[in-house]
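**Student:** Not my notes, these are from TrEMBL:
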TRANSMEM  39-56  transmembrane segment
TRANSMEM  62-81  transmembrane segment
TRANSMEM  88-105  transmembrane segment
TRANSMEM  111-132  transmembrane segment
TRANSMEM  144-161  transmembrane segment
TRANSMEM  173-190  transmembrane segment
TRANSMEM  197-216  transmembrane segment
TRANSMEM  222-241  transmembrane segment
Amino acid sequence: MSNEQSTSGYTWQDVKTNMKQIFTWSYYKEGFSGWDKQSYIWLEIGLVVILATGFPHGLETLSILSMIGGAIGFACTLAITANKRINGLLGFISAILISIVAFHSKNYSDIVMQMVYVVSLDLNFMFFGNAWQNRKIKAMNTNGWLLALVTFVVAFFLLFMMDTHLLISPRPWLDAFTAAIGVTGAALTIAKFHSQYWMWTLQGLMSVTLWGVTALQGDANWVLFATYILYLGNDVIGLFFSPWSRATKAADAK
């Protein structure tokens, strides 16, 4: 029994091991190595785009937070695509920074979405990163569709109620719908369904719309708008050029 617990990936000893590894060089070396070539190229392009979008709008606090949060968040999505547990740490940092910008922009559901990411994805991967990374990637099935449907309906209802009754958002439908899709994508990511990338693609499209409208209304700069466009490029990589897509193709070939 003790041997089984030591290798399960979910014991207190495993949590301590995962957390200690965050403070080692090997953790970052492992996290940023072994990516597909397309991901490395897209990372370089993305960082240039984020900086080029942010600097012309000045170096005010929100602009700097947007650039740093966008860059780290972008790296996080690529780490997920590469099936690397470092995405938890990157996502945790970016979620805090993006939430600050979202609060200033009154996109309250986006803040909730980021906090859901922190609890369900980021801390989960930081504490149990090895266990998640080693779990098998699955093709979508009936349980996956049921998980997606229930998660979306419940998330949208609660977020819309919040945006219209508790914290009044100027964009309640768009804000709640976009965040609900993101929460659904998070649920599929935890369960390791490859089809999460279709959900992330839809979420990316809606986030581009949300932050584009937000920027046009003068509530934020264009950095997060550009960042979510870059997320869409990562979704394409995840769908067709990643460990997730290769696992699905291998399962279909059997």
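Every residue gets a Cβ built from N, Cα and C, even glycine.
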**Student:** Under 8 Å between C-beta atoms and at least six residues away from its ends: which parts of the chain pack against the transmembrane segment (197-216)?
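**Tutor:** For the transmembrane segment (197-216), the far contacts come to 77, 105, 107, 110, 148, 171, 174-175, 177-178, 181-182, 184-185, 188, 222, 224-225, 228-229, 231-232, 235-236, 238-239, 244.
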**Student:** For the transmembrane segment (144-161), I need the partner stretch with the highest count of C-beta pairs below 8 angstroms, choosing only from 39-56, 62-81, 111-132, 173-190.
**Tutor:** 173-190
**Student:** Suppose I define contact as three or more CB-CB distances under 8 A, residues 6 or more apart in sequence; do the transmembrane segment (222-241) and the transmembrane segment (62-81) meet it?
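**Tutor:** Yes; at least 3 Cβ pairs under 8 Å.
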**Student:** By a Cβ-Cβ criterion of under 8 Å, what residues six or more beyond either terminus of the transmembrane segment (111-132) are in contact with it?
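**Tutor:** Distant contacts of the transmembrane segment (111-132): 8-10, 14-15, 17-19, 21-22, 85-89, 91-92, 95-96, 98-99, 102-103, 159, 162, 178-179, 182-183, 186-187, 189-190, 192.
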**Student:** Against which stretches of its own chain does the transmembrane segment (39-56) lie, if we need a Cβ under 8 Å and a gap of at least six residues from its ends?
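**Tutor:** Residues packing against the transmembrane segment (39-56) from afar: 63-64, 66-67, 70-71, 74-75, 78, 81-82, 221-223, 225-227, 230, 233-234, 237, 241-242.
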